[in-house]
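Chemist: Got a structure for you, questions after.
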Amino acid sequence: MLTRWLPLLLLSSYAAAFYPYHDGDGGKVRRFVPLDIEPRPEEGAGSVTVDIQRRRNKRDNDFTVVKSNNPNVPNAMAIDSDGSDFTYFAILEFGSSRKEMYMLIDSGSANTWVMGSNCSSNACGIHNTFGSADSTSLQTTSQTWTLSYGTGQVKGVVARDEVSFANYTVHMGFGLASSASDDFNNYPMDGILGLGRPSSDALGTSTIMEVLDQQGSLSQNIVGIHLQRASDGTRDGQLTFGGVDSSKFSGKLGYTKVINEASWEIAADDAGVDGKGVGFSGKSAIIDTGTSYVLMPTSDAQALHALIPGSAQNGEIFVVPCSSNANVFFTFSGVQYAVSPKDYVGQNLGNGCQSKIIGHQAFGPNEWILGAVFLKNVYTVFDFDNNQIGFGAKSGTGSDSSSSTSATNGTSTRTASTSSHTSSASHSSASKPSTTMATSTAGSSSSKSTAAAATSSGPSDSSPFGSSDTTPSAASHATTHIALVVFLALIMGLIL
């Protein structure tokens, strides 16, 4: 039964969130592949239901959005969701008409772009778009860019206009897409809000956080993120600029130093189940709001699931008891952060339920990606100036609220094997047809360190708009391209 369903699940999947990877052909392309491998309702393996007490708004372009309540703290905006905990987005207003655009919140990329009104692609036709008819202040340039996504692409030109969100209105550069692949047909989003590290930007403009920092709008150069769980019905997703909302977590925030200048990657002490650690060593985790699940190399996922009673494996996919009450945890800087079974136990699959912890190596053999499955259990702070990430145990409304405990190994120092993902771009003019965002990897090692202040400063401005923006460029590193098995090969392997 299990073997029969797995190929069908993969074949019938639709993308809900993306993560970047290298395709192994030596090309410097930032790619994304779909992570939502749960079936559509018509496939007969169950469907996601939403509590009818939650407010559901139907967008003009037929995407369903579960709206969060407006925050009651300053400099914050609501984080909405698709009602299935797969994608999280916020409304930003663009241009003189303040046109609303639904933007995927992505800590894995610093690039911000929206679908343009001159885009004739199918994906643009079913989303909100933005263009000169929507704003008298819109400026466009001849600088082009191309971002590759799995089997398709998004491309366009660099533009500039005013953008309003939270209590801010800023003038900033962003990508204006002129074409988008069909990969975006199923997403309730009109663009991406990049909250990644500035060195991962490929558009040649200041990132949204750099713009806020440059104009002195932030008391601290940080963002605090609280992702809501759909089944709780709380409608309290929130993104706070320049501070934290202490009502969203209990106790103190625990910080871990970032070990990668191009991504939000931190050293991981261990992972385990119900207080029992696997005994991992030399691991690191990329903290990515744009990824739905947890991704680990298959051997790591196997070791973790071995501690969940009743679990089973088939390739990259794991099945756990639907009634599992085991709490998975991840340890950073000596503190264990629990993940509720509400978040890692998925839909029915054979005699159990699919685990949302996937055995898939996205980058190096010692790297994990922790997406919404983990982030729904913590309050997360991305600290740009001090190069650190903070986690707080989320304040809960029920007995299964998340918790954090001090790990038995304390804060002992160890060496972590890490990888450096470096983004590079060639910014083009009319004589150069496109700008391609590239992500590469290189192996290095780093000892776990405490959260020490490290204020970064970038080189001179390379913005097409001149000196109004100051843009750090990506550092040059030796790269080692990591080959990745694509989902088609996985499907064929499972069938055989």
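Numbers run from 1 along the shown chain.
Backbone N, Cα and C atoms are what each Cβ position is placed from, and that goes for glycine too.
Here's the feature list from TrEMBL:
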- 1-17: signal peptide (SIGNAL)
- 88-392: domain 'Peptidase A1' (DOMAIN)
- Asp106: active site (ACT_SITE)
- Cys119-Cys124: disulfide bond (DISULFID)
- Asp288: active site (ACT_SITE)
- 393-474: region 'Disordered' (REGION)
Chemist: Quick one: of Asp106, Cys119, Cys124, which recorded positions lie within 10 angstroms of Asp288 (active site), measuring between C-alpha atoms? Sequence order, please.
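Modeler: Final answer, ordered: Asp106.
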Chemist: Can you tell me the mean pLDDT for the domain 'Peptidase A1' (88-392)?
Modeler: 95
Chemist: Just jot down the residues in the same chain as Asp106 (active site), at least 6 apart in sequence, with C-beta under 8 A of its C-beta; none if empty.
Modeler: Ile192, Leu193, Gly194, Leu195, Gly196, Asp288, Thr289, Gly290
Chemist: Long-range neighbours only, meaning 6 or more apart in sequence with Cβ under 8 Å: which ones does Cys124 (disulfide bond) have?
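Modeler: Non-local contacts for Cys124 (disulfide bond): Met115, Gly116, Ala177, Ser179, Ala180.
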Chemist: Neighbour count, 10 Å Cβ-Cβ cut-off, for Cys119 (disulfide bond): what number do you get?
Modeler: 23
Chemist: In three-state terms from DSSP, label Asp288 (active site) for me.
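Modeler: DSSP call for Asp288 (active site): coil, neither helix nor strand.
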